[in-house]
Amino acid sequence: MSIFQELTNRDQVFEFLAPVQSPVDVRHGPILYMEDVSVSFDGFKAINNLNLTIDDGELRCIIGPNGAGKTTMMDIITGKTRPDTGSVWFGSRHNLLTMNEPDIATLGIGRKFQKPTVFEALTVFENLELAMATDKRIFPTLTATMKPEYRERIEEVLEMIGLKDLRNAPAGILSHGQKQWLEIGMLLMQKPRLLLVDEPVAGMTEQEMERTAELLTSLAGKQSVVVVEHDMGFVRSIARKVTVLHQGSVLAEGSMDQVSNDPEVVKVYLGEEA
Amino acid sequence: MWLTRPLQERSTQIFLGVLFGALVIVSALHLFMPQDSALYVSSYTVTLLGKYLCYALLAVAVDLVWGYLGILSLGHGAFFALGGYAMGMYLMRQIGDRGVYGDPVLPDFMVFLNWQELPWYWAGFDMAWFAFIMVLLAPGILALVFGFLAFRSRVTGVYLSIITQALTFALMLAFFRNEMGFGGNNGLTDFKDILGFDLRTDATRLGLFLATGIALAIGYVICRGIVTSKLGRVSVACRDAEARTRFIGYRVERVQLFVFVVSAMLAGVAGALYVPQVGIINPSEFSPLFSIEVVVWVALGGRATLYGAVIGALLVNYAKTVFTGIMPDAWLFALGGLFVLVTVFLPKGIAGLMSRRSKKDDTDTPAAQEATA
Ligand SMILES: Nc1ncnc2c1ncn2[C@@H]1O[C@H](COP(=O)(O)OP(=O)(O)O)[C@@H](O)[C@H]1O
Ligand SMILES: [Mg+2]
């Protein structure tokens, strides 16, 4: 009888049916570790000996003038661009330089693009459905059905991003700010360990910005979040630790007050804005 | 189940209803009307309609990859022709010793070329089951290899369209050669019977017409099943924002490969049903122009609707039959003109005219239907 029960309780017999535990190993410190990373495009060093460490659960802001290499840095982490030299580790187990984009995404790195990209022909609901952390291979996707717990999860995220009433609208008709949010919602559906968010508040109203700040700060702790942003007011409102990027490498790192008083930083970046 | 989901959908029910209705009506008019009646459908017309249905299935296959995956294949004629050749080889072997030269094994053109024995790749084609599997496998494997190479190196857009043209052109040149063993520019012809039924009898012709209609129905339901599944939504995602799709964890190149291979196999089936009805398969089916024409049918009917592809294929080919009867040389101009007119005035094709209802259908389906699934 007990053997029978064991057999019917299949998630214990077959390990692969058990709920997936994140394989990322952060026992030895940081969740993301970039060392001496360089990449050049036609001789131009977009990233130059970049060293960056993100702790598990941290919320980090990255600032820097246009062309500093912020987006390129995200391209490297997510497998879109391969660096010429250096190493990039996710936890202490996964060498990201040996993996492709879908594998990195599945492992738990989610990304929001600088220019919001959602699937415009699909509805808001379907956008979230596709992003959901499920088996993304061909046949499981072909035979997938909408389970109640999936629906619940989508509704939850719809609530969080304030698009509940637009769930059946095609994403193409959303405003710029709403698209930004939908994209953040898609990130949340992926349940990533690390979120890379490229200029999330571009094109948002003051009020939308506040809600985004709230959302991002509420995520930190459970997940690690890296935010690239231009808007200083926004950065000030969420940042605990700020990294200043300049010409492809780290110029300064510390609290917002520290870096904004750093003479080097003032010279290259804050100075030109003031 | 993804395959049965379309059957619960209004638009598919209407499509199947109209299709089966048409099959029944044509059969009845053919069988029961006196020959001198105005309503009598001749055996010639039945076969002509069967040919149109083959084209319709081919158009559905093209719409699956172009409309929903964003891959503009200008080489689907190659998959159609390969399916046709697989069927043609079976029909050749069925001739047996009834050929002009009376050789029990070798087809006439091989005797003519003084070949002593059947090339190895003709082996097995005397068995219907083997040939019918090859109808799926030959185009499927070509699509698999071609797609694997193209999608893995992320060739998309115009470049992909151009290499699909090159593919079908290269195959056309190859099949023109006598040494290839496919009958050179004459192709395969003089078929006698299929599965033991005489191809010249009215009953066999009607049977082939009905079989084509059923194949179209099945092909449509398979495509619709893919399109309304989550994989269909992922295809649309690949079409509209490929990079984004990768970053949420889908292997875009595998999605493309899967859909492309399914589409190629459907095109192969269309070709296989075409050959016994027209009585010949030759390298002209590989002609790049033919593949482009198929795309024009789909564009005229309305991209990304599937039923639009069917309407486009039927209308254009009917127009072609009528037109070439009156002014054979002007057909290409007429087709070009029609294409320009529709692109300018009906960017969503003929289906766009009647899409108001189906649009509502589309946005409601995934959320509404899967709740009950
Ligand atoms: N694929 C590429 N090819 C050539 N140059 C590039 C490429 N990607 C980025 N760059 C260059 O690298 C520099 C850094 O760009 P980017 O990372 O987008 O800056 P940021 O996001 O900080 O504004 C820019 O000068 C940009 O022109
Ligand atoms: Mg940038």
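Residue numbering: from 1, along the chain as shown.
Backbone N, Cα and C atoms are what each Cβ position is placed from, and that goes for glycine too.
What TrEMBL says about a protein is an automatic prediction, not a curated fact.
The feature transmembrane segment is assigned by TrEMBL to B:12-32 (among others). Listed as Cβ neighbours of the transmembrane segment (B:12-32) (distance under 8 Å, sequence separation of 6 or more from its ends, same chain) are residues 6, 39-43, 45-46, 49, 202, 206, 209-210, 213, 216-217, 220-221, 224, 307, 310.
Residues annotated as transmembrane segment in TrEMBL: B:38-58 (among others). Remote same-chain partners of the transmembrane segment (B:38-58), defined as residues 6 or more beyond its termini with a Cβ less than 8 Å from a stretch Cβ, comprise 26, 29-30, 76, 80, 202, 205-206, 208-209, 212-213, 215-216, 219, 266-267, 269-271, 273-274, 277-278, 294, 297, 309-310, 313-314, 317-318, 321.
Residues annotated as transmembrane segment in TrEMBL: B:65-87 (among others).
According to TrEMBL, the transmembrane segment annotation covers B:127-151 (among others).
Summarising the annotation, TrEMBL assigns transmembrane segment to B:158-176 (among others).
What TrEMBL lists as transmembrane segment is B:206-223 (among others).
For the transmembrane segment (B:255-275), same-chain residues at least 6 beyond its ends with a Cβ under 8 Å from one of its own Cβ atoms are 50-51, 53-55, 57-58, 60-62, 64-65, 68-69, 71, 73, 76, 79-88, 91, 132, 135-136, 138-140, 142-144, 147-148, 151, 188, 191, 208, 211-212, 215, 219, 222-223, 226, 231, 234-235, 238, 245, 281, 285. Annotated transmembrane segment per TrEMBL: B:255-275 (among others), in sequence order.
Taken from TrEMBL, the feature transmembrane segment covers B:295-318 (among others).
As annotated by TrEMBL, transmembrane segment applies to B:330-350 (among others).
Beyond the ends of the transmembrane segment (B:127-151), by six or more residues, the same chain brings 78-80, 82-83, 85-87, 89-90, 160, 163, 167, 195, 252-253, 256-257, 260-261, 263-265, 267-269, 271-272 to within a C-beta distance below 8 angstroms of the stretch. Below 8 A, the CB atoms of the transmembrane segment (B:206-223) and the transmembrane segment (B:65-87) form no more than two pairs separated by six or more positions in the chain, fewer than 3 in all.
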